[in-house]
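*Asks:* Pulled these from TrEMBL:
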| type | residues | note |
| --- | --- | --- |
| ACT_SITE | 154 | active site, proton donor/acceptor |
| BINDING | 11, 389 | Mg(2+) binding site |
| BINDING | 18, 214, 215, 216, 217, 218, 287, 288, 289, 336, 337, 338, 339, 340 | ATP binding site |
| BINDING | 98 | substrate binding site |
| SITE | 186 | site 'Transition state stabilizer' |
| SITE | 247 | site 'Transition state stabilizer' |
């Protein structure tokens, strides 16, 4: 078993643990063996869904009072004598942790030592809903698994964004004292898509220019110039930018003060903008499939929600064409909505022929895997690329820990 190398990817939330196990074939190649999600950690009854690749999903209902119990159960499943993929825990050579916010200190994945942990805790002030849970995941995994723990940051890919794009036009002391600036998120997805697109296009990474639309329940866009992020829609937090499942995206900041006249506190407004807005707030559904179905049936609220959603994406698409000075190799759709909604892809690119953006309807209807959905000879290719954040986290963890 000494030659078997594996990476465990963990994404610890406040009441959940998402995980995936990869066998490491080489520095740049890994095969997913299984994955799962523990939900309702800390509540009276929790649920664990586990799936070995190519097999039926299994479900376990039991209390998970804390992350330690949850992760212990995950390891129990991974090492099960009959169905487990790990014969010996020494096979797990590295754990890759998704950490939402790295502040300005981290521009790449890093092995977690005392200094790195202190910096991650400091960055928790910028992501109070996410980093504390990520830290808990690291602390629990460190006690259970004797191998390097690597932090892979959502924000790291965007550390190449120029200052003119990340600084807010507020008193500069806010940045100097409190690090208030635009950071951006979905970094592992953007890194994976950028590298995948460059290979598909047969272009050197440093010559690849893209506009990537990561459209899931959380949604953002990124302008990539020479293989590096130069602009993104999310900002200080994942609330800024596009319309999302439950998040408003861009809104006049004075809205917070305005609502105080209606007895809403800043905390109330924050909850509303993050959890009760977006598609959900506009039409009562956060699932794009349901929104599209209702809009097709003539539902006015759903049609309005879809229209607002598409308008925001197209507005940023135009902005990013300018950011990249018109030199764009491809527009890429990814994540749940971007990969699966042919309607959204079509509406985003509709009537943009004068800008060199067109969609081939048949290709769009039948899009599978990594593919082009624009006509042959298109000035700007339009593509669909399924994202794989867990694989990207694995690759970064393996590199940071120098497993090969």
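Glycine is no exception: its Cβ is also placed from the backbone N, Cα and C atoms.
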*Asks:* Specify the secondary structure state of residue 337 (ATP binding site) as given by DSSP, simplified to three classes.
*Replies:* helix
*Asks:* How many angstrom lie between the most widely spaced Cα atoms of the ATP binders 18, 214, 215, 216, 217, 218, 287, 288, 289, 336, 337, 338, 339, 340?
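*Replies:* Spelled out: the longest distance between any two Cα atoms in 18, 214, 215, 216, 217, 218, 287, 288, 289, 336, 337, 338, 339, 340 is 24 Å.
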*Asks:* Where among the binding-site residues 18, 98 do you find the Cβ with the fewest other Cβ atoms within 10 Å?
*Replies:* 18
*Asks:* At a 10 Å cut-off from the C-beta of residue 287 (ATP binding site), count the other C-beta atoms across all protein chains.
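*Replies:* Result for residue 287 (ATP binding site): 14 neighbouring Cβ atoms inside 10 Å.
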*Asks:* State the count of C-beta atoms found within 10 angstroms of the C-beta of residue 339 (ATP binding site), not counting that atom itself.
*Replies:* 19
*Asks:* Over all shown protein chains, what is the count of other CB atoms within 10 A of the CB belonging to residue 289 (ATP binding site)?
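*Replies:* Result for residue 289 (ATP binding site): 13 other Cβ atoms within 10 Å.
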*Asks:* Rounded to the nearest angstrom, how far is the Cα of residue 154 (active site, proton donor/acceptor) from the Cα of residue 98 (substrate binding site)?
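*Replies:* That comes out at 7 Å between the alpha carbons.
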*Asks:* Cα within 10 Å of residue 18 (ATP binding site) is the criterion; apply it to the recorded positions 11, 154, 186, 247, 389 and give the hits in sequence order.
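*Replies:* Those close enough are 11.
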*Asks:* In whole Å, how far does the CA atom of residue 289 (ATP binding site) lie from that of residue 154 (active site, proton donor/acceptor)?
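*Replies:* Approximately 27 Å lies between the Cα of residue 289 (ATP binding site) and that of residue 154 (active site, proton donor/acceptor).
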